[in-house]
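The next block holds one structure in the form of structure tokens; read it before the comments.
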Amino acid sequence: MSDLRQNFERDGFVVIENVFNDQEIEEIKGAIGKIVEDMNLAEHPKSVFSTYDEDKHAADSYFLNSSDKIRFFFEEGAVDKDGELTVPKDKALNKIGHGLHLLDPTFKKMTFNSKIQKIFQGIGYQEPEVVQSMYIFKQPKIGGAVTDHVDSTFLRVNPIDHLTGVWIAIDEASVENGCLSFIPGSHKDTSTSDYRFVRTHDTTGGPLLKFIGTRPTYDQSKFQHVPISKGSLILIHGLVVHKSEANTSDKSRHAYTIHVMEKQNTEWSKDNWLQETEQYKFPNLYKQ
């Protein structure tokens, strides 16, 4: 077994240094800059993304139907009570998702890259499918904290461990600007797996999304900061507990993330917020 796979299975995450070079990173920054520049604010509701307030979790059709689209989600501190931006739009965004890997050629190139393919071959994935992609801004001064969580709360598969995230640092991620923190080995505990973010399947005008089960609490002293350099990435097991603090620095902490499931002998939950459509099926990482 390779060191990469051994460390990943031991800790639930692994850092892989210098996967993408400066040119590849600058191409991504250029692509996201153009996407933001071309965004017409009038065409997009100012959905605020927060993982702290369960009832504010962008529980609307804009979020629900974003699996094969490029959609925009704003920082809490960037939208006032009247729904107006308090900062320029390029500094107001929390994230863009969830179909960058489908619709933008630069993001598609980074996603279906031979280097990413080799990583998933290295951890034994036979039929990896890319289920979502996000560009996370973590803006200077207002970049919100992401509370402790496991990715399988939001994207549930059976078997539950057939989900892996890839977190690519587009900027250097340091303690000061809100790098990720992990509880090493926490992916081995499935006792809190009843907590989920699901579709309600409501047709009466009620909430479209909700959290079910008991929200787990974690020993904060067990978290370890994992700073990484620009162009490096973190491979993240779907059950490992992680979080990030608010960005109180004057430096951005951009990241591009994808989530990949092992399709072989795996069931994608029909209650997941994110679903395939008649037009869109999750693409195979190895066949693009």
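One-based numbering along the chain as shown.
Each residue, glycine too, has its Cβ placed from N, Cα and C.
What Swiss-Prot records for this protein:
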| type | residues | note |
| --- | --- | --- |
| BINDING | Lys95, Met134, His149, Val150, Asp151, Trp167, Ser244, Arg253 | 2-oxoglutarate binding site |
| BINDING | His149, Asp151, His242 | Fe cation binding site |
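Feature annotations (Swiss-Prot) mapped to structure.
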residue	record	Cβ neighbours (10 Å)
Lys95	2-oxoglutarate binding site	18
Met134	2-oxoglutarate binding site	22
His149	2-oxoglutarate binding site	17
Val150	2-oxoglutarate binding site	27
Asp151	2-oxoglutarate binding site	19
Trp167	2-oxoglutarate binding site	24
His242	Fe cation binding site	26
Ser244	2-oxoglutarate binding site	25
Arg253	2-oxoglutarate binding site	24
Message = Going by Cα-Cα distance, which of the binding-site residues (Lys95, His149, Asp151, Arg253) sits nearest to His242 (Fe cation binding site)?
response = His149
Key: Taking residues Lys95, Met134, His149, Val150, Asp151, Trp167, Ser244, Arg253, which bind 2-oxoglutarate in the record, the widest Cα spacing (Å, whole number)   = 21
Query = Using DSSP, would you call Ser244 (2-oxoglutarate binding site) helix, strand or coil?
reply = strand
Note = The correct three-state DSSP answer for Asp151 (2-oxoglutarate binding site) is helix
Key: Non-site residues, in chain order, whose CB comes within 8 A of the mean position of the CB atoms of His149, Asp151, His242 at Fe cation   = Val146, Asp148, Val150, Thr153, Gly165, Ile236, Val240, Val241, Lys243
Request  = Could you tell me which three-state DSSP class Lys95 (2-oxoglutarate binding site) falls into?
outcome  = strand
Request  = May I ask you to report the DSSP-based helix, strand or coil state of Trp167 (2-oxoglutarate binding site)?
outcome  = strand
Request  = Let me know the DSSP-derived helix, strand or coil state of Met134 (2-oxoglutarate binding site), please.
outcome  = strand
